[in-house]
C-alpha cells in the first residue's frame with residue numbers, strides 16, 4: 001500500500017506545479033482588485049451604496065474653478081488614487097463631497113487617471129458649480145445633486161416665479177421675535193418640517209413674519225400665487241443658531257485659508273458687531289465666511305463677545321472666539337464627520353486644521369497642508385479652450401428690485417432673448433443690446449451645456465466583485481482540468497503497463513491501490529487551496 005501511495009504522489013507532482021502557479025496568479029490578481037480608499041466615516045455611505053449614489057459620469061467638461069468658488073463652491077482635497085472609481089470612493093469618505101472630477105491620462109483609456117479633485121458644489125442648497133467644455137475629464141456627481149441640476153436646466157430659460165432671493169436658500173438666523181422676511185410678494189409659505197408652534201403672518205403684501213422660532217431647523221415650502229407661474233414651488237430652510245453654532249458662524253476669526261486664490265467674502269466681527277469684507281484664499285476656511293453682507297448680518301445680528309440679550313430677555317454669554325474647550329482634542333476613539341482625525345486617533349474640530357496653530361497632540365493637523373495648496377493650484381491652472389462659458393448660464397435677475405431690460409443668450413435656440421434685470425449681482429449672460437449678445441456667443445449651442453450629453457458608465461463595487469468571482473471560477477476550472485488531464489493520462493499508462501506486465505500482487509491489492517489513488521486525487525483537487 002505504501003509504495004502505491006508513493007507512486008500516486010510522484011505521478012501528481014508535475015500537475016501540482018502548474019496548479020500552484022495558477023493558484024498564486026489568481027490569488028495575486030484577486031488581491032490587486034481590493035486596493036482602495038479607507039472606509040467611510042460614520043454617517044457616510046461606503047462600498048456599493050456609495051458608488052450607486054453617483055451618476056455614471058459626465059465626460060468632456062472641466063470645472064471652472066474661479067467661477068465656481070466665487071459662487072460658493074468649496075474645494076475639499078485632491079487625493080492620490082489610481083482609478084476613476086477610487087476617486088468616487090474618496091468622495092464618499094469626504095464630508096460634503098458631491099463632485100468627483102477626474103482628469104484622464106492622455107491615450108491611456110478611461111481608467112488611467114492623472115488627477116482626482118473633490119468638490120462641494122452646493123451653497124445654501126443651490127448648485128453653484130460651473131463647467132466649461134474640455135476633453136480629457138470626467139465628472140461624477142451625486143445623483144441627488146445632479147437631479148436638482150437637471151431640473152434647473154429643464155426649467156431652463158423660461159424662468160421661475162419664485163423671487164430670486166428665496167429660491168432654495170438656507171437662512172442662518174439668531175433667535176428673534178419675529179423674524180421679518182421681505183421681498184416675498186406673490187408667495188404662500190407652508191411649514192414642511194420643524195416645530196409646529198411656529199406661525200406665519202403676513203401684515204404687508206411684500207413681507208412675512210415668522211413667530212415662535214426656537215433653536216433648530218425649519219423647512220418651508222414657497223408656492224407662487226401668481227397665475228403666470230401656477231406650479232412654481234421652492235423650499236427655504238431657516239436654521240435658528242444655537243450657542244455652539246453661533247461660535248462657528250459668528251465668533252470664529254476670519255480665516256483666509258492656505259490656498260492662494262482671491263475671492264471676496266464677508267465675516268462677522270463680534271467686537272465691533274458689524275460684518276466686514278476680506279479676501280478668501282479658496283480652501284480650508286471656516287463657517288464665518290459669507291458670500292454676501294446680507295447673509296452675514298442675518299446670521300449674526302447683535303452677537304458680541306460678551307453678554308447677548310435673547311428674545312426672551314435671558315442673558316447668553318459668548319466668549320471672544322470659539323471656546324477653549326472645543327480647541328482641546330478629544331481622544332474617545334471615534335471622530336464625527338465634522339471633525340479632523342489626528343494621526344494618534346484624537347479628534348479636533350475640522351476648522352482648526354491648517355490654521356497655523358498645532359491643535360493635535362502630534363501636530364498632525366498642520367503636517368499636510370501643502371496638499372491642499374498644490375491640489376487647488378493644479379485645478380486653477382487648467383485652461384479652457386473657450387472664453388464663452390457665460391453664454392450657457394441661465395438668465396439671472398439678481399437680488400435687487402429694479403426693472404432693467406436686458407438680453408441673454410439661449411444655447412438651445414442659439415438666439416438671444418429679453419429678460420428683466422434687477423440691477424445688482426446676476427451673471428455675465430447679460431447684454432444691453434441683442435447684437436452684442438449674438439456676437440459674444442456666436443457658435444455656442446446645447447452641446448456646450450454641461451450634463452446634457454452621454455454619460456460614461458462607472459464600475460460599481462458589485463460589478464467589480466462579480467468580475468473577481470468570475471475570474472476566480474475560471475482559475476479553479478483550469479486547475480481542475482489540468483489535474484484531471486494528468487490523472488487520466490497516468491491512468492492510461494497504468495492500464496497499458498498492467499496489460500503487458502501484470503504486477504506480482506493479488507487482485508484485491510490492485511483494487512485497493514486504485515481506490516487509494518483516487519482517494520488521493522480527490523483530496524488534492526477538492527481541499528481548500
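Residue numbers in this text run from 1 along the chain shown.
The backbone N, Cα and C atoms fix where each Cβ goes, and this holds for glycine too.
Taken from Swiss-Prot, the feature signal peptide covers 1-35, and the record attributes it to experimental evidence.
Residues within less than 8 Å, Cβ to Cβ, of residue 66 (N-linked glycosylation site) and separated from it by at least 6 positions along the same chain comprise 261, 380. Marked as N-linked glycosylation site by Swiss-Prot: 66 (among others).
According to its DSSP assignment, residue 235 (N-linked glycosylation site) is in a strand. Sequence annotations record features per position, and here Swiss-Prot assigns N-linked glycosylation site to 235 (among others).
The disulfide bond feature in Swiss-Prot is assigned to 250-300 (among others). Under the DSSP three-state reduction, residue 300 (disulfide bond) is assigned to helix. With a cut-off of 8 Å between CB atoms and residues at least 6 apart in sequence, the same chain places 174, 246, 249, 250, 268, 270, 275 near residue 300 (disulfide bond), listed in sequence order.
Residues or ranges marked as domain 'BPTI/Kunitz inhibitor 1' in Swiss-Prot (evidence: sequence analysis): 250-300. Here the domain 'BPTI/Kunitz inhibitor 1' (250-300) returns a mean pLDDT of 94 for the predicted model.
Using a 10 Å radius centred on the Cβ of residue 259 (disulfide bond) and all shown protein chains, the other Cβ atoms total 25. Under the heading disulfide bond, Swiss-Prot lists 259-283 (among others).
All chains included, 22 other C-beta atoms sit within 10 angstroms of the C-beta of residue 275 (disulfide bond). Residues or ranges marked as disulfide bond by Swiss-Prot: 275-296 (among others).
As annotated by Swiss-Prot, domain 'LDL-receptor class A' applies to 334-370.
Classification of residue 347 (disulfide bond) by DSSP places it within a strand. With a cut-off of 8 Å between CB atoms and residues at least 6 apart in sequence, the same chain places 329, 330, 331, 332, 334, 335, 336, 339, 340, 341 near residue 347 (disulfide bond), listed in sequence order. Annotation comment: Swiss-Prot describes 335-347 (among others) as disulfide bond, evidence class sequence analysis.
Annotated disulfide bond per Swiss-Prot: 342-360 (among others), in sequence order. Of all the Cβ atoms in the protein chains shown, 21 others lie within 10 Å of the Cβ of residue 360 (disulfide bond).
Swiss-Prot lists 354-369 (among others) with the feature disulfide bond. In the structure as shown, the Cβ atom of residue 354 (disulfide bond) sits within 10 Å of 22 other Cβ atoms.
Swiss-Prot lists 391-441 (among others) with the feature disulfide bond, giving sequence analysis as the kind of evidence. Its Cβ taken as reference, residue 441 (disulfide bond) is surrounded by 23 other Cβ atoms within 10 Å in the chains shown. Residue 441 (disulfide bond) falls within neither a helix nor a strand when secondary structure is assigned with DSSP, and so counts as coil.
If you look up Swiss-Prot, you'll see 400-424 (among others) marked as disulfide bond. DSSP assigns residue 424 (disulfide bond) to coil in the three-state reduction, outside any helix or strand.
Summarising the annotation, Swiss-Prot assigns disulfide bond to 416-437 (among others) and lists sequence analysis as the type of evidence. There are 22 other CB atoms within 10 A of the CB of residue 437 (disulfide bond), with all protein chains counted.
Sequence annotations record features per position, and here Swiss-Prot assigns N-linked glycosylation site to 523 (among others).
Proximity to residue 437 (disulfide bond), defined by a C-alpha to C-alpha distance within 10 angstroms, is shown by the following disulfide-bonded residues from 259, 296, 354, 391, 424: 391. The closest partner of residue 391 (disulfide bond) among the disulfide-bonded residues, by CA position, is 283; the full candidate set was 283, 342, 354, 369.
Neighbour counts of Cβ atoms within 10 Å were taken for the disulfide-bonded residues 250, 342, 369, 400, 424; the minimum is at 424. Residue counts for the domain 'LDL-receptor class A' (334-370) under DSSP, helix first, then strand, then coil, are 7 helix, 6 strand, 24 coil.
Separation of the C-alpha atoms of residue 360 (disulfide bond) and residue 400 (disulfide bond): 46 Å, rounded to the nearest whole number.
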